[in-house]
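Residues annotated as domain 'UBA' in TrEMBL: 1-42. Under the heading region 'Disordered', TrEMBL lists 44-228. The annotation compositional bias 'Polar residues' is assigned in TrEMBL to 65-75. Under the heading compositional bias 'Basic and acidic residues', TrEMBL lists 94-136, 151-191. Per TrEMBL, compositional bias 'Low complexity' is recorded for 198-208. Annotation source TrEMBL lists compositional bias 'Pro residues' at 209-222. Per TrEMBL, domain 'UBX' is recorded for 225-304.
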Amino acid sequence: MAELTTLESLLEMGFDRNRAEKAVANTGNQGIEQAMDWLMEHENDPDIDEPYVPPVGNVMGGEAGSQSTTDQPSLADTAEGTAGGDGSYDVDDESAREPLSEDEKLDQVRRLEELMRVKQAERRERERAEELEREKQRRRQGQELQHIRQKLQDDDMKKLSDQRRKEKMEDKMARQRVKDKIARDREERAQKFGGGVPPSTAASSQPALPSPSSPTSHGPPPTKKEYDESRIQVRLLDGSTITAVFKAQEPLAAVRVYVQVNGNTPEGQDFTLLSPYPRNVYTELDMEKPLKELGLVPSAVLVVIKK
């Protein structure tokens with residue numbers, strides 16, 4: 001019993017003649033399995049259904065150059081009469097070929113269809129394995145990307161934490177410098193006065209000079225005394241008082257810093273100062289002015305109020 005050729009087998013299985021001829025030509029007429037593999041791999045090619053044009057001089061089953069171009073057989077005739085790996089016969093033995101009965105053709109077609117189903121199943125399994133591998137790769141890339149994002153976020157949080165810690169330390173050091181300065185000023189004043197009464201107190205304890213309008217006064221009026229220090233008493237929010245001596249040229253802000261450090265003002269409480277007689281609430285602009293310019297020399301009483 002003769003076997004169907006590759007081209008015949010493909011046509012019996014329902015493949016388009018143009019596709020079948022391309023499969024036979026591109027696999028070198030090496031057999032039905034190679035042709036089916038080629039068709040399954042190239043079934044989605046955009047030019048799969050374009051008419052097949054055999055290359056010039058490419059004739060299967062004949063010797064190139066031994067015949068003219070006009071004498072070359074067609075691809076279908078060549079495929080049907082060329083000896084190959086699928087059991088087809090040679091052109092010279094065409095007379096020895098016996099025609100296949102319908103049952104034989106159906107039997108061969110069933111075997112080929114079963115072979116195609118097996119190959120399609122193998123192809124689906126291979127594609128499924130490739131898709132699983134691509135999914136694993138996508139997941140690995142997603143995890144790596146998430147890890148990178150988390151690391152960047154952690155680095156940003158660490159930088160922010162370090163910045164806040166640095167700011168707190170600088171603020172603490174600034175407060176400590178103010179405390180040290182106040183302590184040094186206090187020691188300098190104590191050493192200067194030797195534990196005695198400050199000049200402002202001594203001046204206030206002296207007897208009052210007679211008024212120029214007094215009938216008993218004689219001579220020109222006394223010159224106004226210049227004070228270089230001021231004794232400030234501050235009444236806090238809880239009613240207690242603290243007293244300190246400041247330079248006459250120190251700004252009012254020095255008094256506020258002294259209250260922040262030595263008073264009982266709650267942490268973070270914003271406050272300002274006022275003078276009760278005459279009543280005057282000091283602004284941020286006043287905080288930069290010297291005590292002497294604000295009329296707080298040689299002594300004054302200030303009150304702490306909430307903003």
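Yeah, the Cβs are placed from backbone N, Cα and C, and that goes for glycine too.
Across the domain 'UBX' (225-304), DSSP helix (H, G, I), strand (E, B) and coil residues number 14 helix, 31 strand, 35 coil.
Listed by sequence, the residues of this chain that lie at least six past the ends of the compositional bias 'Basic and acidic residues' (151-191) yet keep a Cβ under 8 A from its Cβ atoms are 198, 244-245, 257-258, 261-262.
Under DSSP, the residues of the compositional bias 'Basic and acidic residues' (94-136) split into helix, strand and coil as follows: 38 helix, 0 strand, 5 coil.
Per-residue pLDDT, averaged along the domain 'UBA' (1-42), amounts to 83 for this model.
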